[in-house]
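**Student:** Let me give you the structure first, and then I'll get to my questions.
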């Protein structure tokens, strides 16, 4: 049995739909008119959306204000749209025309992002009823949630990315930052060895102490082994084994 607590009913503004409106109101099922649904923002998502229209259905082809796309956005993942279109005999058309309308409805649902789309045409008093059922994919998230929610992993990745944002030194630096960035405190031990004092090492990228694999091409520490900040580093100037 369907849980109507998770169902929204959209009704076109015509007389037959007014009877349905009263019926669903007695069942305490939320209902909204087509014009109101298109005009206002829906803040809740539903497992099921019923869309009823009698006689008038041209609004379903409106590309500038696509109601099916908006329905898709207010459905939960794997939520179901049930579209019910009544066409009276006085509206004209034959079975071929009705089939064309059903096919177009399926295409519009597909273009709006629905899957598992099916349709059924039934005879009714003084007309026919076209039923189209479509499902909202579970791999799509609601548009409103995309702006407000993210997984813990995504938040962690964003935080890590922010840590990597650094203020680089300009090639033609005139403020003195470049000079400070390449400054190394050195103490000569002998003619073959120099000791580098890294406690006050300055770097624009912050990766210099990790080793050459992480250093930029102009790194002042290029060629030095990896070191810990504050560690005294000795470099063999002749590149001979110690």
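Note that the numbers count up from 1, one per residue, in the order the chain is shown.
Using the three backbone atoms N, Cα and C, a Cβ is placed for every residue, glycine included.
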**Student:** Could you tell me which of the ranges 205-208, 209-212, 221-224, 225-228 is annotated in Swiss-Prot as motif 'Cx2C motif 1'?
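**Tutor:** Of the candidate stretches, Swiss-Prot labels 205-208 as motif 'Cx2C motif 1'.
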**Student:** Motif 'Cx2C motif 2' per Swiss-Prot: which of the ranges 200-203, 216-219, 232-235 is that?
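**Tutor:** Feature motif 'Cx2C motif 2' in Swiss-Prot: residues 216-219.
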**Student:** Pick from 140-159, 180-199: which range has region 'Disordered' per Swiss-Prot?
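**Tutor:** It is 140-159 that Swiss-Prot annotates as region 'Disordered'.
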**Student:** Take every residue in the region 'N-terminal SAM-like domain' (1-140), average their pLDDT values, and give the whole-number result.
**Tutor:** 82
**Student:** Look up residue 219 ([4Fe-4S] cluster binding site) in the DSSP assignment and reduce it to helix, strand or coil.
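**Tutor:** Looking at the DSSP assignment, residue 219 ([4Fe-4S] cluster binding site) belongs to neither helix nor strand, so coil.
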**Student:** Looking only at 208, 216, 219, the binding-site residues on record, which one has the least crowded Cβ, with the fewest other Cβ atoms within 10 Å?
**Tutor:** 216
